[in-house]
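Here is what TrEMBL records for this protein:
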type	residues	note
BINDING	A:11-18, A:36-40, A:58-61, A:122-125	GTP binding site
BINDING	A:N22	Mg(2+) 1 binding site
BINDING	A:A23, A:T25, A:G26	Mg(2+) 2 binding site
DOMAIN	A:4-171	domain 'FeoB-type G'
TRANSMEM	A:279-297	transmembrane segment
TRANSMEM	A:339-359	transmembrane segment
TRANSMEM	A:413-439	transmembrane segment
TRANSMEM	A:451-472	transmembrane segment
TRANSMEM	A:510-529	transmembrane segment
TRANSMEM	A:635-656	transmembrane segment
TRANSMEM	A:677-698	transmembrane segment
Amino acid sequence: MSKQINVALIGNPNTGKTSVFNALTGLNQKVGNYPGITVEKKEGICKLPRGVKAHIIDLPGTYSLNASSLDENVVIELLLNKNDKDFPDVAVVVSDVENLKRNLLLFTQIKDLEIPTILVINMADRMSYKGITLDIPYLEEHLNTKIALVSTRKKNGITELKELITNYKELSTAPCMNASAIDPEYFLNLQKAFPNQLLYKLWLVITQDVNFGKTDRNEIDAVAEFKTKSKADLKRLQQKETIKRYQFINNTLKEGQTIDLNTAKDLRIKLDRILTHKIWGYVIFFLILLTIFQAIYDWSSVPMDFIDSSFAALSEWTKNSLPAGAFTSLLAEGIIPGLGGIVIFIPQIAFLFLFISVLEESGYMSRVVFLMDRGMRRFGLSGKSVVPLISGTACAIPAIMATRNIESWKERLITILVTPFTTCSARLPVYLIIISLVIPDGRFLGLGYQAMTLMLLYLIGFGAALVSAMLLNKILKIKSKTFFVVEMPNYKLPLFKNVVLTVIEKTKSFVFGAGKIILAISIVLWFLASYGPGEEFNNAEEIIKTEYADQNLSAEEIHEHVASQKLEHSFLGITGHAIEPAIRPLGYDWKIGIALVSSFAAREVFVGTLATIYSVGSDDEETIKNRMAGEVNPILGGPLFTFASGISLLLFYAFAMQCMSTLAIVQRETNSWKWPLLQLVIMSAFAYIIALIAFQLLK
Amino acid sequence: MQVTVAHLKRGQRGIITDVSSIHIPLKLLEMGCLPGNFVELVQLAHFSDPMYLNINGTHLAIRKETALHILIEIL
């Protein structure tokens with residue numbers, strides 16, 4: 001068996017590093033986490049010429065090896081740890097041809113670690129457009145490396161890159177800069193103390209004050225005596241180092257790169273004049289959001305109706321074709337409707353992820369950050385909080401992880417605490433089904449009432465996030481340095497392959513993640529609903545027959561009465577009735593109560609739960625929606641899902657903190673149980689009060 | 001009065017003369033905000049904050065409070 005080559009893909013954000021990764025690995029990739037931390041780890045396998053294989057890691061984007069966040073720290077930790085099983089045999093630094101100067105900074109740092117390094121100059125198709133010419137042999141000679149000119153858009157240069165990776169042993173490991181030049185005297189002492197260590201590596205270990213992990217702990221302790229220099233001194237030296245690196249880069253590029261500004265065209269300026277305009281910028285942003293919601297609602301209704309009726313038919317078919325018994329009934333009444341409750345939302349979730357990834361890939365998201373910073377600061381947030389708040393509409397978990405690039409701890413903490421208010425995709429199933437039940441189907445100015453209600457719910461979510469941020473900003477007494485740097489990348493047409501891979505990957509993890517919980521809960525619910533203690537459950541048939549003895553009921557009607565008698569006196573019914581007094585003032589019956597309680601595991605369980613409860617004991621082929629519409633309010637009579645109870649439920653789901661996974665992530669990111677518990681209690685109590693007020697006012 | 005990046009008007013260019021390294025995050029220096037490099041104001045948000053700049057070919061946005069610590073000579 002041939003040995004796999006370990007390859008690490010490293011590069012600044014916005015250089016198309018992920019496109020290169022996708023081009024190398026195709027579908028041979030998997031996404032996981034680094035052990036113990038929630039940083040995403042992307043790895044894949046790439047087939048190289050002559051039967052060799054490469055194991056490729058796509059490291060988080062970083063501007064330099066001076067880490068300032070958990071994500072960036074992953075990069076330096078891997079590069080400093082020769083014993084890591086993923087330690088690269090060869091580093092591939094991905095750079096953007098339009099930003100070569102800045103991208104080379106990271107390249108020189110990695111070269112100085114004496115790791116064999118290949119330089120990928122990506123987006124080479126933009127060169128003529130930007131009037132850039134490169135002298136590749138000159139650059140290869142002076143940077144002591146091999147260069148691959150790549151265009152993932154035009155699919156050029158990937159074969160050459162694979163060839164270079166295969167022959168990585170021929171790469172030079174000579175450094176670009178002599179680390180001693182930073183401060184000769186200090187480094188001389190350092191070298192005397194640790195004659196066997198690489199100077200630049202020592203320097204990195206000394207200057208990293210954000211050591212989240214366990215990089216060569218002994219080494220760090222050993223050099224502790226060299227931390228005698230003050231923080232300010234070290235920073236001055238780092239500045240000096242940066243200047244020296246840029247001098248080297250400028251000298252190299254002076255000969256190796258020419259830019260003809262006359263032929264350079266700039267689309268960016270024209271677009272930014274409108275997209276970041278003081279008025280039009282906001283108008284366009286709002287229109288984009290509006291389009292997204294309208295699209296999610298309208299475009300996905302066809303596949304959703306199809307999935308809904310298919311699952312109803314499948315359940316019916318199972319019941320009729322398999323021999324009757326507990327297993328068939330578990331399958332037809334528990335598992336299939338439960339799964340249907342999740343599969344139905346794939347179209348919408350896929351659309352949502354599609355839009356978010358297009359906004360990110362195109363470079364527009366940074367413009368939103370720029371536009372919103374000033375406004376967000378009023379609420380104690382940062383412009384960068386917009387990204388978590390928007391991606392929170394997909395799922396709060398990645399959104400909370402996306403807060404890591406917010407520099408100020410206070411702004412970051414507030415963002416983490418308020419993000420769960422944004423309407424995540426798990427709320428979508430609940431919203432959609434209730435909206436379709438209680439909101440009329442009309443249109444106003446071309447926009448459906450139902451779509452507008454959905455939009456309004458999203459706005460309520462954002463509003464709640466902003467108001468609570470403002471309160472937290474007043475209450476929390478945290479002093480932290482605030483600064484804010486955000487790169488404004490070039491506008492790019494999103495690459496189809498990248499977008500599709502993101503959508504597939506995210507939708508898959510949503511479906512499987514939520515699917516597991518939903519499957520488990522539907523099975524438990526089915527058992528609880530199908531068995532019960534005491535006479536009233538076990539003798540249901542006798543009881544009904546005597547009760548209705550004088551009425552001439554058809555066999556079918558008797559069967560229905562028996563089924564509902566059984567459900568009411570099953571374990572599930574008993575539990576539901578026990579909590580009913582607490583939720584009756586909100587307009588809910590005990591069945592909704594069960595769905596509400598199981599939703600505290602994860603919100604999307606709601607529809608699946610109701611589907612399971614309603615299908616137990618019923619014979620007909622019915623969609624979830626029709627069953628819900630047919631429910632009768634046990635006290636007031638009339639339909640259970642009225643405008644009042646519907647709005648009350650919508651508001652409850654808008655505000656309540658019903659997601660165990662989010663609580664777990666908040667605990668990890670804030671490193672404390674205090675914050676997630678506060679979220680759980682305050683958000684849910686608030687949801688109860690608002691739902692109560694809404695129902696009492698509207699009924 | 002010292003002239004800083006915060007004094008630039010839209011479309012104006014300057015050369016960075018000094019950065020006060022206590023107030024400027026290392027990340028900004030690494031993105032090219034160093035003495036001798038040029039800086040151009042591309043766009044301003046509401047109330048001139050944040051500022052959308054082109055520093056040495058890198059486009060980025062920073063807040064006004066940071067811009068006040070980057071000394072320049074207007075071209």
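Each residue, glycine too, has its Cβ placed from N, Cα and C.
Feature map: TrEMBL annotations on the structure.
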{"residue": "A:G11", "record": "GTP binding site", "Cβ neighbours (10 Å)": "28"}
{"residue": "A:N14", "record": "GTP binding site", "Cβ neighbours (10 Å)": "18"}
{"residue": "A:K17", "record": "GTP binding site", "Cβ neighbours (10 Å)": "25"}
{"residue": "A:N22", "record": "Mg(2+) 1 binding site", "Cβ neighbours (10 Å)": "22"}
{"residue": "A:A23", "record": "Mg(2+) 2 binding site", "Cβ neighbours (10 Å)": "23"}
{"residue": "A:T25", "record": "Mg(2+) 2 binding site", "Cβ neighbours (10 Å)": "22"}
{"residue": "A:G26", "record": "Mg(2+) 2 binding site", "Cβ neighbours (10 Å)": "14"}
{"residue": "A:E40", "record": "GTP binding site", "Cβ neighbours (10 Å)": "15"}
{"residue": "A:P60", "record": "GTP binding site", "Cβ neighbours (10 Å)": "22"}
{"residue": "A:M123", "record": "GTP binding site", "Cβ neighbours (10 Å)": "25"}
Chain residues in Cβ proximity to the transmembrane segment (A:510-529) (below 8 Å; excluding those fewer than six residues from its ends, i.e. six or more beyond): 329-330, 333-335, 337-339, 341-343, 346, 349, 395, 425-426, 567, 570-573, 575, 594, 598, 601-602, 604-605, 608-609, 612-613, 616, 661
Whole-number Å value for how far A:A23 (Mg(2+) 2 binding site) lies from A:E40 (GTP binding site) (Cα to Cα): 19
Residues of the parent chain within Cβ reach of the transmembrane segment (A:279-297), under 8 Å, 6 or more residues beyond its termini: 348, 351-352, 355, 359, 367-368, 371, 428, 432, 447-448, 450-451, 454-455, 458
Cβ contacts under 8 Å made by the transmembrane segment (A:635-656) with residues that lie 6+ beyond its boundaries: 421, 423, 427, 430-431, 434-435, 437-439, 457, 460-461, 464, 584, 586-589, 592, 596, 599, 603, 606, 628-629, 683-684, 686-688, 690-692, 694-695, 698-699
Mg(2+) 2 site, defined by A:A23, A:T25, A:G26: further same-chain residues with Cβ within 8 Å of the Cβ centre: A:F21, A:N22, A:L24, A:L27, A:N28, A:Q29, A:G44, A:C46
Secondary structure of A:E40 (GTP binding site) (DSSP, helix/strand/coil): strand
Binding-site residues near A:G11 (GTP binding site) (Cα-Cα within 10 Å), from A:N22, A:A23, A:T25, A:G26: none
Rounded to the nearest Å - Cα separation of A:K17 (GTP binding site) and A:G26 (Mg(2+) 2 binding site): 14
Euclidean distance between Cα atoms of A:A23 (Mg(2+) 2 binding site) and A:M123 (GTP binding site), Å: 13
A:P60 (GTP binding site) and A:T25 (Mg(2+) 2 binding site), distance between Cα atoms, whole Å: 17
